[in-house]
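Take a look at the structure set out below.
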Amino acid sequence: MDLESLSYRNSIKKESWKTVLTLAYQSLGVVYGDLSTSPLYVYKSTFAEDIQHSETNEEIFGVLSFVFWTLTLIPLVKYVFIVLLADDNGEGGTFALYSLLCRHARVSLLPNTQLADEDLTEYTKDGVVANDKRAVGSSLKSVLEKHRGLQRILLVLALIGTCMVIGDGVLTPALSVFSAVSGMELSMSKEQHRYVEVPVACIILIFLFALQHYGTHRVGFLFAPVVMTWLLCISAIGIYNIIHWNPHVYEALSPYYMFKFLKKTQRGGWMSLGGILLCITGSEAMYADLGHFSQLSIKIAFTFLVYPSLILAYMGQAAYLSKHHTLESDYRIGFYVSVPEKIRWPVLVIAILQAVVGSQAVITGTFSIIKQCSALSCFPKVKIVHTSSKIHGQIYIPDINWTLMLLCLAITVGFRDTKRMGNASGLAVITVMLVTTCLMSLVMVLCWHKSVVLAICFLFFFGSIEALYFSASLIKFLEGAWVPIALSFIFLIVMYAWHYGTIKKYEFDVQNKVSINWLLGLGPTLGIVRVRGIGLIHTELVSGIPAIFSHFVTNLPAFHQVVVFLCIKSVPVPHVRPAERFLVGRVGPKEYRLYRCIARYGYRDIQKDDMEFEQDLVCSIAEFIRSDTSKCGSELNNLEDDAKMTVVGTSASKLEGVRMCEDDLDSCQTEGTSEVMEFKSPEKVRKRVSFVVPDSPEIDLNAKEELQELMEAREAGMAFIMGHSYVRAKRGSSWIKKVVINYGYDFLRRNSRGPTYALSIPHASTLEVGMIYNV
């Protein structure tokens, strides 16, 4: 799904019930794959060691009561009825909450922000109000804006939640597949099972990750039917067990059984909460995957199908176990023992398919969140492959995919049991939920302008529940819970080192940018020969002249007749509309032929890396020249700050405006155009370039001359000029800063990917100049 179809996706959210129900059905395979897998391992992990199943049934009924109220309070009440309302123009997830906060209070640490970004449609779409000293939470807002340390804490909090999501991307596939495969234990001896379970799980995991580069759209149509079949299967088995074994099991839903459970088991019961916690694994996906569906469709799917199916499944298992106290071995308390023997093998097959679907959703979510981190300068640039031209957001990141696979295999081979895998996964899940609760309380005050008391009540109520589960998971540190902490710590170091180095590099660029007076002193020729062609200079600056330009002018005998300072930046919104993609302005007087072009992308946008971007770039400059009404000459007003920038859309977004045609002029004769400006070179050329100009307004002679020069330059070709930076900590810096910059950031920079649009430019047209940054 491209950006133009994004508006269609948003519009269908307001259409008929048929559309809503279709979205609800489709959401089963994407959103609820992980959550629906949890009955496979919840009871098995809970009764693994800390508590024992006894004749009184107080333990099993207490666990059922905890499961019921946890599923009711966290996914149903917190996420369905509260958190889903905090969407960022239809998008959800940890970065959506952070993005909302950045727009309502100036807490963003992105280096190249501009006031012009606040004029974006999606920036103000959710009803951002003007600053009001009397508004609720204005004091909190001013405190956050004044203290940079609090802004860093807010960023680190968002990054911790993100890192735990990535850690869950390692743990969930291993836990889900291993738990599904463990169903074979009832059909063979324990000795045989020991040598079969791990190899089969590893083979399935390798197969799963090997298929990622094909994209989920090829098999995605199977996801919803698999999850639907699984939910109907476990609910039917649950109903059968309730009726056949213990029709009065519903009494255990009373909170009184939680009290009896904790009173009897005490410390063991508290430690077993780490296993009960797994019943809400995957709940965060309801919010994280909000952008692909609608709030109503996700609410309907969970409330009317997923939630009752899971409750029936857990009640059925409890009903069976309440009548079976003498088990042959401890591992037989799992899911499959409650499945009637005649249908055990078909259920095993469905469970394995369900585990694959749930794992696929988590892996895809990991790819998506790493892309968001990279867009917001919190993760090194990595190769991103778009696996579908029709479905928005389906991406594949090779480096991350194989890293996840190796880590998954290591977890599976190293742990070999659901107990330690469950401990690890539980800590990752509850940490993400705690981060969401903290950020959500800030959103209530700063974005929704609700009472501070209400936000504190939300934080205290849900935070205390999650803190209880967090403490129970953290106590299992040596029994597997160290894994998500270690993984998150590594990813957090990588993210913060990259973010810190990026900010320091930008600050160096700002401090060392060239004065406009230096440029004016050179004259229109810049003191060198101007040759045909477009010189595309990549810079992170949104204003001023980068220091690297002075290196070119000083050391090169000739330079291009048209120079474009190109900045590709991310803004704290999920999507930037194509009609608002570019900001174009001049650097210096008109006759210098120096332009600045800022391409803006949201954190979920797809950055083009093909020739289409190059064409959009040239067209945006041509449209700026046509619509520029400033006086010709050397007027110096606002030159220093590049204050006059024009918003220009992409070629596809403009019904009227300058359009560029190459080679075939006849194909460009469209209705509503008055003239075709064509330049033909006397010598052999590689391309014939023309601009199709609208009827009105009439452009003057100087603009026509400027457009003709741009055509000549485009026809001659485009060269990509980039600074190859060597960032070093300056003398006198602390040893921590030296380690982070000289080793951490430098290693990440050397192994990261360059700007995507540079990849389509031939190597011979690329010029790199080394520069040392002492930050």
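The backbone N, Cα and C atoms fix where each Cβ goes, glycine too.
Look at TrEMBL and you will find 23-519 tagged as domain 'K+ potassium transporter integral membrane'.
Summarised as a single figure, the pLDDT of the domain 'K+ potassium transporter C-terminal' (533-774) averages 73. Sequence annotations record features per position, and here TrEMBL assigns domain 'K+ potassium transporter C-terminal' to 533-774.
If you look up TrEMBL, you'll see 20-43 (among others) marked as transmembrane segment.
Summarising the annotation, TrEMBL assigns transmembrane segment to 63-86 (among others).
According to TrEMBL, the feature transmembrane segment maps to 153-175 (among others). The list of residues near the transmembrane segment (153-175) in space but at least 6 beyond its ends in sequence, with Cβ under 8 angstroms from a Cβ of it, reads 34, 41, 94-95, 97-98, 101, 107, 109, 144, 201, 205, 208, 281-282, 284, 288, 358-359, 362-363, 365-366, 369-370, 373, 378, 404, 407-408, 411-412, 415, 418, 421-422, 424-425, 428-429, 431-432, 435-436, 438-439, 442, 483-484, 487-489, 491-492, 495-496, 499.
Summarising the annotation, TrEMBL assigns transmembrane segment to 195-214 (among others).
According to TrEMBL, the transmembrane segment annotation covers 221-243 (among others).
Beyond the transmembrane segment (268-288), the same-chain residues lying 6 or more positions past its ends with a Cβ under 8 Å from any Cβ of the stretch are 30-38, 41-48, 50-51, 59, 62-63, 66-67, 70-71, 74-75, 79-80, 83-84, 92-94, 96, 165, 172, 261-262, 298, 302, 310, 314, 358, 361-362, 365, 368-369, 419, 422-423, 425-427, 429-430, 432-433, 436, 468-469, 471-473, 475-476, 481. The feature transmembrane segment is assigned by TrEMBL to 268-288 (among others).
Sequence annotations record features per position, and here TrEMBL assigns transmembrane segment to 300-320 (among others).
What TrEMBL lists as transmembrane segment is 345-370 (among others). Using a Cβ-Cβ cut-off under 8 Å and counting only residues 6 or more beyond its ends in the same chain, the transmembrane segment (345-370) has close neighbours at 29-31, 33-37, 40, 93-95, 162, 165-166, 168-169, 172-173, 176-177, 179-181, 183-184, 187, 204-205, 208-209, 212, 216, 222-223, 226-227, 229-230, 233, 237, 282, 285, 288-289, 335-336, 339, 379, 382, 393-397, 400-401, 404, 604.
Under the heading transmembrane segment, TrEMBL lists 391-415 (among others).
The transmembrane segment annotation in TrEMBL covers 427-446 (among others).
Residues 70, 73-74, 78, 82, 270-274, 276-277, 423, 426-427, 430-431, 433-434, 437-438, 440-442, 444-445, 481 of the same chain, all 6+ positions outside the transmembrane segment (453-475), place their C-beta atoms under 8 angstroms from a C-beta of that stretch. Annotated transmembrane segment per TrEMBL: 453-475 (among others), in sequence order.
Counting only same-chain residues 6+ beyond the ends of the transmembrane segment (481-498), those with a CB under 8 A from a CB of the stretch are 156, 159-160, 162-164, 166-168, 170-171, 274, 373, 377-380, 407, 411, 423-428, 431, 473-475, 740, 744-745, 748. What TrEMBL lists as transmembrane segment is 481-498 (among others).
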Chain residues outside the transmembrane segment (221-243) and at least six past its termini with a C-beta under 8 angstroms from it:
25-30, 32-33, 36, 39, 249-250, 305-306, 308-310, 312-317, 319-320, 338-340, 347, 350-351, 353-354, 357, 360-361
Do at least three CB pairs under 8 A connect the transmembrane segment (195-214) and the transmembrane segment (427-446), leaving out pairs fewer than 6 apart in sequence?
no
In contact by Cβ distance (the transmembrane segment (195-214), the transmembrane segment (391-415); 3 or more pairs under 8 Å):
yes
Distant-in-sequence neighbours of the transmembrane segment (20-43), which means Cβ under 8 A and at least six residues beyond its ends:
12-13, 63, 67, 75, 172, 175-176, 179-180, 182, 220, 222-228, 230-231, 234, 275-276, 278-283, 285-286, 289, 292-294, 296-298, 300-302, 305-306, 309-310, 313-314, 317-318, 321, 333-335, 351, 354-355, 357-362, 364, 418, 422
Residue numbers, six or more beyond the limits of the transmembrane segment (300-320), whose CB comes under 8 Å of its CB atoms:
20-21, 24-25, 27-28, 31-32, 35-36, 38-39, 42-43, 60-61, 63-64, 67-68, 71, 75-76, 80, 228, 231-232, 234-235, 237-242, 244-247, 249-250, 252-253, 279, 286, 335, 337-338
